[in-house]
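Quick look at what Swiss-Prot lists:
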REGION    1-26  region 'Disordered'
DOMAIN    30-213  domain 'DH'
DOMAIN    254-455  domain 'BAR'
DOMAIN    506-569  domain 'SH3 1'
DOMAIN    603-666  domain 'SH3 2'
Amino acid sequence: MADFGADEASSKSESPEQEDQGSEDRSLLHQRLAIRELIDTEVSYLHTLRLCASDIRSHLQQLPPGDLDILFSNIDDIIQVSSRFLRGLQETACREEEQAHLIGNLFLEFQEEFEQVYKVYCANYDQALLLVKAYQKEPELQKEIQGIIEAAMPQAGPSGLSFFLVIPLQRITKYPLLLQKILENTPADASAHPALQRATSALQDVNGNINEYKMRKEVALKYTKVEQLSLRERLARINTHTLSKKTTRLSQMLKQEAGLVSRTEDKEFDDLEERFQWVSLCVKELRNNVVDFMGNLEVFLSFRPHERSLDIPGGPAEQYCSLARDLQLHAFLQFKQRLRSLVWQPLCSLARALAGPQNLIKKRLDKLLDFDRVEEKLLDVGSVTWEEEAARHEYQALNSLLVAELPQFNQLVMQWLGQILCTFVVLQRDLADQVLRRAESTMALLPHHHVSEPDFQKLLEHTLGQSSSQLRLFQESFEKVLPPSTTQPLLPGSEHQMQALLTRYGPEKLYQVSSNINGTGTLDLTLLRGQIVALLQNKDTKGNNSRWLVDTGGHRGYVPAGKLQLYHPIIPSEKELRGQTGTHEDSWLPAPEPTQLSVPTVPTMSQVVAVYPFVARSTHELSLQAGQPVTILEAQDKKGNPEWSLVEANGQRGYVPSNFLARTPSPTPWGWNLPS
């Protein structure tokens, strides 16, 4: 009896220790079961993802273009991350004592990757569900999709595509629960406890960040939708709420501009927006340049001299026509097609991609006004309404989205822009190589193919110089035998300039430009047809008589001598002065240089015509057409203003601007003589 009592007392004293040991064993068992559940479910999850990406997606190619990208989003990225994560989980099995600690560190290692891949998928999930609902409204398509799913995974049931699409969302939200289960069965003094605790908190933060990102994307999607609305539809959307909101924002903006209230400043966003606007300007400039280049290319291809009959049988001319025809039909056509598909179309897509962020930036400015107003009210009153709090959070979400996404967007646009420029350069180089290859066989037949490039350049310059001299001689010969060219009317507003040149240099030095002159050198002038200049020297510094030094009254420079005609003022006779009350301006008519050849000339008489069309704005004015002859009754209005002239045309009288009129010569019928 004494021994039995001693054993009983001993068993009672050992029972608390045994209970503690049993509790630890149960916790360890539950921990290992939780770890086993984590690994087994990860294996099943990855298998389902691969099945969805391979068997199901590959058999849904009959869906409209682009739908597969929306349905399955970045599932390939999720598979890649999950594969590496599962491999890491399986490697922890060989170190059973440290397995819980290794799993906690593994989750911390994959924290950022989980957030990056799952936030994209979760943000696109709602759009994928909209597509699934749209497919359900088409019985034949839905039946075909259901057959594909049942063949791949019979346990999916009637839920169809939505069964697979929701799996990644369920998995990322289950990670914190699985970690929490492992953590609960890990002693607080165990070495794995801190790592598991950090991992659980990190995965909870990941889910919170994903939800916040999804909310931002929903706000962005709301304001990036481009709606093509007519004016009637836009007016129909205006209501009292819209007017009140616009008025409040305008009032807030005016108070900020006046300095009555403060404005929220965000230096980080301002820098990003400036960068975005600069990138947008680069895209716009490049697009305009490509448009001009393609237009010039079309003009270049429209000229086809090889299709003309040159009347030069055989020789280099025939070889050139053959080469030009080959380039026109093959090399240039291929270059044009590649330019459109590889440069123009991507550039247009890039320009369209800028519209969404641009709309978000504009909408952010509106939301910033609402935010500042709510913040001001919150400081004054201490509380805001539910709608005002929602507007406040909407601005914060929109601003956070832009600050987070604009740097990456700007970088991608610059990379895209650089690729387009590189492609354009490569296309130019390929075209040059094609032209050289096609010209090699023809070049061997040309008379100067054996000449070196420097010698060929000298030969080319010499030939062009000779041709230019011959053309100049031909031009001078034709100018001597041709009748005098038609006198050009004076440019509007050039009368005072002509008077100054006449006073300074005299009538014998006055010349009028017979055709437009485009200066190409640093000392060359660009002049318009009809402009009056004064001759300073009839040759240039090298003694070339074909270039004259002239004065326009403001600038001095060289112009081609062949484009100048000598002019003298024509003084109207007393009869003409009596026949007209006055003229608005003195007119200067050309007198051709006397030539040695006897050429019949046509006598001319002075005539006042409208140089430009004029539309009357009142009953006191007279409408005129360009070139319409008029009779000047008074060279000023009733107040003596010479800028208006009273004229008569077609039996009607009225005032017209004086600088719209010019005196031009008109041929006199043969046999008539001007009165002496």
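Heads up, the Cβ atoms here are built off N, Cα and C, so glycines get one too.
Taken together, the residues of the domain 'BAR' (254-455) have an average pLDDT of 85. DSSP labels the residues of the domain 'SH3 2' (603-666) in these numbers: 3 helix, 33 strand, 28 coil. Residue counts for the domain 'SH3 1' (506-569) under DSSP (helix as H, G, I; strand as E, B; rest coil) come to 6 helix, 29 strand, 29 coil.
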